[in-house]
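Trainee: Per TrEMBL, the features are:
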{"type": "BINDING", "residues": "G143, T144, N145, G146, K147, T148, S149", "note": "ATP binding site"}
{"type": "DOMAIN", "residues": "59-105", "note": "domain 'Mur ligase N-terminal catalytic'"}
{"type": "DOMAIN", "residues": "141-341", "note": "domain 'Mur ligase central'"}
{"type": "DOMAIN", "residues": "364-492", "note": "domain 'Mur ligase C-terminal'"}
{"type": "MOD_RES", "residues": "K252", "note": "N6-carboxylysine"}
{"type": "REGION", "residues": "1-29", "note": "region 'Disordered'"}
Amino acid sequence: MVGGAGWLNDPVTATPATHGPHRRPPPSTRAVALSELRGVLGLPPGAGPADPSGADPAVRGVTLDSRHVLPGDLYAALPGARHHGAQFAGQARASGAAAALSDRPLPGLPTLVVPDPRAVLGPLAAHLHDHPSHHLEVYGVTGTNGKTSTTHLLDAGLRSAGHRTGMISGIRVRTPEWSRPAQRTTPEAPELQETLAALREQGATSAAVEVSSHGLALHRVDGTRFRAAVFTNLGRDHLDLHGDQESYFAAKASLFAPHRCALAVVNVDDAHGRRLAAQVRVPVTTFSAAGRREADWRATEVRADADRTSFRLLGPGTDRRVRLHLLGTHQVDNALGAVAALHAGGLNVEDVLRGMEDLTAVSGRLQRIDEGQPFLALVDYAHNVAAQRRLLPFLRTLTGGRLVVVLGATGERDPGKRGPLGRTAAQLGDVVIVTDESPHDDDPAALREAVAGGARGAASAQVHVEADRDRAIRLAVSLADPGDVVVVSGRGHDGQLVAGGRTRAFDDGARLRAALAQLARGGRAPTVLLPEDQVRKSMVARPPCSSR
Ligand SMILES: CC(=O)N[C@H]1[C@@H](OP(=O)(O)OP(=O)(O)OC[C@H]2O[C@@H](n3ccc(=O)[nH]c3=O)[C@H](O)[C@@H]2O)O[C@H](CO)[C@@H](O)[C@@H]1O[C@H](C)C(=O)N[C@@H](C)C(=O)N[C@H](CCC(=O)O)C(=O)O
Ligand SMILES: Nc1ncnc2c1ncn2[C@@H]1O[C@H](COP(=O)(O)OP(=O)(O)OP(=O)(O)O)[C@@H](O)[C@H]1O
């Protein structure tokens, strides 16, 4: 389709062409002899335990999950946090795996043995699919916040500029012929290469791909060539994986290595962005939403309200006002990154801006929920302090009243960010309602306490603790006065809560809408009565808004 459109009005219908149990590799996938793959890895002929029969089986696909093996696949048996894939060799063999890749020989399967199989999986999958990224213009986006939004803006711009394109984002994976919900931000290498191959086969000319730091550190994008890559920003996040901020930055920076990407597009409002721009060895285009004069692309005269966001765009040969439907000043950063990348990639700025200006929303990113209530209610995906620091001051500008923030912390992720999440919400909001997100196997009460402890420490907001997320949302609605702003943060589009090994459907937008509809039906507020010990008020009087 030409003419940008967001997911909310995307014309592509979902078909079950998924990776996973319904995996359907592109028909064009060629058969490659195992000996050829051995050559790709630089293994000498016959090195490592070969098939005792001396056969040289044809490999037609690759997967790292025994449950998804199709006949002829190479099964990559990887060491994991809970299992070693070698445990599942029997299942892979029974499903028709032709061969294996692992750090040890697998019984009954000719195995390519390398010390770090994850590290060679991407190049192998790319080889098997004839390097699809070399035949597409692939635009990547990395950074702590703004990846999904920027990816959607890139997609909208590519489409309005006439590209037949695909999008691999943390919300959905879409090709011209099918679309499905994403399982993770950046797919594992076999799925990524398979999707890029499907794009090529379906006549796509380009793709916008979200690249998480997990994706980089876990080699998921190895074997992929990017026409241009955007760096949005770096805040504290994912230290559970990276250990420290320096390693986190190094993971992000690795996307911009010359073997991966041809052009770097970097946000120089961000300190790590400035560092990256100074160190990369590919041509760099810079952008600044703060209007820095040294940037190649910059925004001035930014106006952002509850309906839209606009700014004056200044760049090579460009000086024009841009009007976005997306809400929040941070979307100016994201739009600048997208426009700079597409211009660097050779596209016409007016063509791409048309699509970006038509993009109506990105699911769960500052999405307004309106049921006629006399206050603003929104859902957002902010789940780290850096995002809160952009989001909450913006929302403050939309209210002369109070800012009510519903938040929690996901379990099994960096414990060090829980207290700061609560503290920042309390510093920048007036009413903080701490609730459960997805605790996974962590203790939900301990997670709530860590967030609430941070919030109480800030001592400037009213702090409530309500374990049940639905009740927390209804509490927020019941507490809102005309003119206030309510934001349910942290989950965005994510329609599931995971606790104690069980997953249940839970959509923040739908629950917020239901609470607002109940308010509209019942007059004032759907009263939520909480046991006294669940309500903690660290401060009853709130500071005047003007003091913030
Ligand atoms: C912490 C982490 O990254 N874990 C990854 C890891 O899982 P694991 O170590 O727990 O795997 P495991 O269960 O021990 O199994 C070991 C191996 O056996 C295989 N297996 C397992 C069971 C079976 O029946 N058959 C089988 O073949 C598994 O596919 C795996 O390869 O290896 C798996 C595949 O090998 C990954 O899918 C998995 O990513 C998990 C699911 C994940 O989502 N991680 C998150 C943290 C993530 O990647 N997030 C980022 C960024 C998010 C953001 O920006 O906010 C993302 O890109 O999504
Ligand atoms: N450029 C930005 N700078 C700071 N915060 C942002 C920016 N863009 C978005 N945000 C905030 O981060 C949240 C997540 O945005 P988005 O999904 O676009 O980023 P992301 O990098 O894909 O996040 P994740 O990796 O968690 O999927 C938004 O809901 C918003 O609160």
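Using N, Cα and C of the backbone, Cβ positions are placed for all residues, glycine too.
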Trainee: Just counting, how many other CB atoms are there within 10 A of the CB of N145 (ATP binding site)?
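Mentor: Within a 10 Å radius of the Cβ of N145 (ATP binding site) lie 25 other Cβ atoms.
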Trainee: Using Cα coordinates, what distance in whole Å links S149 (ATP binding site) and K252 (N6-carboxylysine)?
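Mentor: S149 (ATP binding site) and K252 (N6-carboxylysine) have their Cα atoms 17 Å apart.
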Trainee: Using Cα coordinates, what distance in whole Å links G146 (ATP binding site) and the residue listed as 'N6-carboxylysine'?
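Mentor: Checking the Cα atoms of G146 (ATP binding site) and the residue listed as 'N6-carboxylysine' gives a distance of 14 Å.
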Trainee: Using an 8 Å cut-off from the Cβ centroid of G143, T144, N145, G146, K147, T148, S149, can you name the remaining same-chain residues around the ATP site, in sequence order?
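Mentor: Leaving out the recorded residues gives V141, T150, T232, N233, N334.
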Trainee: Ligand 1: which of the binding-site residues T144, N145, G146, T148 have a Cβ closer than 6 angstroms to it?
Mentor: none
Trainee: N145, K147, T148, K252: which of these recorded positions put a Cβ within less than 6 Å of any ligand 2 atom?
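Mentor: By the Cβ criterion, which requires under 6 Å to ligand 2, the hits are N145, K147, T148.
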Trainee: Comparing the binding-site residues T144, T148, which residue's C-beta has the most other C-beta atoms within 10 angstroms in this structure?
Mentor: T148
Trainee: So what sits near K147 (ATP binding site) in its own chain, CB-to-CB under 8 Å and at least six residues off in sequence?
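Mentor: Long-range Cβ contacts: V141, S169, G170, T185, E210, V211, S212, T232.
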